[in-house]
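Have a look at the structure below before the remarks.
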Amino acid sequence: MNNNSSNFTTTAPIPCASDYVLSEFKRIVEGWVLSSICLFGICGNLLTCVILSNSRMRESSTNIYLLALSFVNTLVLIGFFLSHGLRSILYDYNLYCTNIYSNPMTTLYESFYARIFLFIFPIHITCILMSIYLTASVALDRFALICLPHKIQKYRTQRHSIKIILAVCLFCVVYCLPFWFEFTHKEDVTNGSNKTSQTKRAITMSEFGKHPLFRLLMRKYLYFIFVFLFPLSILIFCKTCIIRRLITIHKKKRLLGTNTNKRHRSSNAITLLLLSIVFVFLITQFPYFIFNVLYSIKGPSYLSKSSTRFYLGINNVLSVINASSAFILYSFFGERFREMILVIFCCKNLDRSGSSCRTSRQSPVSRLSIISPLIKRNSSCVLSLPLVIRKKKQKESCMLPNEEEEKDVNKKMVLLEKSLRTYDNVRCSVSK
């Protein structure tokens, strides 16, 4: 969560000569670099939301979490763009330095930012907290699929996923309610040379925000427990268990000499995608966690050092990279995600039936013949099924496998094989 609260006050100015390097650093890194990453991430996350909201992609409970995470990350990037990117680019440091000891002047954007800050700041930190807990929810979802496939499988549905997402959002909103009262506006009225009064609005900490109990709970103990320790422990635990489980499965397959089919490769790609999301999150957010812990211990005076502000600027860029990396990771690891991009935006059908499935040309009979030689011998009887039933079977075989199908594919194949045998026996008996 963003705790750089003293960034928003215009009191206690810093000597400009010693902070020239810092001002240029903020203009380039927190201004142009951060804004460019934000714009790219906003476009990528919106595109991800469009693809994951497709009816085929919503079949998986994991994609429901990823859809919510992409949407929240879009809001996080908009908050960073308004509070850091544009502010660092448009802020006139020379104007600030020349008037620092006389009549301080502010740019037009600073006046606009002072008006919207009381709304942007609590919404922004609420979205950041949602992003943290949704990432933990994704890790738990994959942990349940890989490490506890039979015990918690019945809870991995769209309805339960939506309920968990709503519960996470409600918790984050309730937790961040006190931050709406942390800051307030302070208006300074000055008389100009032509007997006109000018009102300048500054952002300062309110009496509620200065209260020792608020600083102790919201900025120290509760932050350390609910924002740092708890979600970080979930992420590390789930990632460790998933990696150990995958290594064990890989060793067993090597000992048995089992080849990995396309379904398992697709599942492994999704697992690698989620592990990469967790890995990028830990790498980019851990320095921010350390900064916020130090800030909660030392208080706002911790930001008075130039080295701390350099460190904070780098942490802001890392947080923006984390929120913007989802589209790149989805495109790299998600084969189905890439196929949906072609179908939705390029108007391409990857097979004759208009589906993005690449294996739909293989009929259900040819798939079953690999398992059952009996069906292969009696395929003439099977091929004489009514045309409507055959088309229905072909349509079902063209559907892309989701995570639920991966679990009960053997059961479905056995049931289909039995039904085909029954139909074959009935038809042969009638023909006699």
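Residue 1 is the first one shown; counting continues down the chain.
Placed from the backbone N, Cα and C atoms, the Cβ positions cover glycine too.
The transmembrane segment feature in TrEMBL is assigned to 32-52, 64-86, 112-140, 161-181, 221-247, 268-290, 310-333. The domain 'G-protein coupled receptors family 1 profile' annotation in TrEMBL covers 44-330.
Long-range contacts of the transmembrane segment (161-181) within the same chain: residues 61, 64-65, 68, 118, 121-122, 125-126, 129-130, 133-134, 137, 141, 206, 208-209, 214, 218, 222, 226, each at least 6 residues beyond the stretch ends and with a Cβ under 8 Å from a Cβ of the stretch. Note: the stretches the transmembrane segment (64-86) and the transmembrane segment (268-290) are not in contact (fewer than 3 CB pairs below 8 A, sequence gap of 6 or more). Contact counts against the transmembrane segment (32-52), taken as Cβ pairs under 8 Å, peak for 310-333 among the stretches 112-140, 221-247, 310-333. Tertiary proximity for the transmembrane segment (310-333) is limited to same-chain residues at least six positions away from its ends with a CB under 8 Å from its CB atoms, namely 2, 4, 22, 25-26, 29-30, 33-34, 37-38, 40-41, 44-45, 47-48, 51, 66, 69-70, 73, 76-77, 80, 84, 128, 131, 269-270, 272-273, 276-277, 280-281, 283-285, 287-288, 291, 303, 341.
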